[in-house]
Amino acid sequence: MSIDKKIRQIAFYGKGGIGKSTTSQNTLAAMAEMGQRILIVGCDPKADSTRLMLHSKAQTTVLHLAAERGAVEDLELEEVMLTGFRGVKCVESGGPEPGVGCAGRGIITAINFLEENGAYQDVDFVSYDVLGDVVCGGFAMPIRENKAQEIYIVTSGEMMAMYAANNIARGILKYAHTGGVRLGGLICNSRNVDREIELIETLAKRLNTQMIHYVPRDNIVQHAELRRMTVNEYAPDSNQGNEYRILANKIINNENLKIPTPIEMEELEELLIEFGILESEENAAKMIATTSESKSK
């Protein structure tokens, strides 16, 4: 069954621990508040892409249930698709046990099952929440198979988050010319790094995209998470809730979809040195020499 072309298929990518699932769920909750009909397809083996929507530890995954039944064809849509906050439809694809098989298989199996069983009916946005620092064929599947059309990379001013963002941009570029996938922007999930906004705006420019929004750091996010809720539900009148609404509105109205221009590692390191995130080799050598001298005394 083909997917209605009017449905906007977006994906959130980002390195592990960056706050990708938290950012995506809070943003999608805000979009649902604005009347958008949302389907979330969790593509992370942790199966934590929907827990704030459902107020639960982790949703039972398509792959887990299929293994219990013997085949994915034995499942009913209602068993794997639950309804959460503001009517958001929630599915987790799941993955195999650690060290066994390819986690990408769960993504492929789940998406095919959902398409064939009508999960994409009556929705405005389908959102794929994808583990982003593993750039393998399975995790790239929403891009490779021309499912996700708009990619949003959750990053911060930390070196590894930026490194992952550049890698993801490289993955998007690989499939941009054969399909319709485009980069919608970088979402800076703040880590309070010095000059963070300027740094991510500079990286975005180098990648031929935009920093679509800067999400400030606020403990209310953790308070809501402890109660397994989105900020929009836990503290709807909070400043942080409004930040997610601003981001949601920007995504809904975003037409700035570009083919990215990933940079070489040397250029990324030069950028990090320029902003004081990374020491130059010369300065690092001086620091090591100074440390060695002080120890010998």
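Glycine is treated like the rest: Cβ placed from N, Cα and C.
Summarising the annotation, Swiss-Prot assigns ATP binding site to Gly14, Lys15, Gly16, Gly17, Ile18, Gly19, Lys20, Ser21. A helical conformation is recorded for Lys20 (ATP binding site) in the three-state DSSP classification.
The feature [4Fe-4S] cluster binding site is assigned by Swiss-Prot to Cys102, Cys136, with similarity to another entry given as support.
Marked as ADP-ribosylarginine by Swiss-Prot on the basis of similarity to another entry: Arg105.
Every protein chain shown contributes to the tally, and the Cβ of Lys20 (ATP binding site) ends up with 26 other Cβ atoms within 10 Å. Other Cβ atoms within 10 Å of the Cβ of Gly19 (ATP binding site) number 22 in total over all chains. When each of the binding-site residues Gly14, Gly16, Gly17 is scored by how many other Cβ atoms sit within 10 Å of its Cβ, Gly17 comes out lowest.
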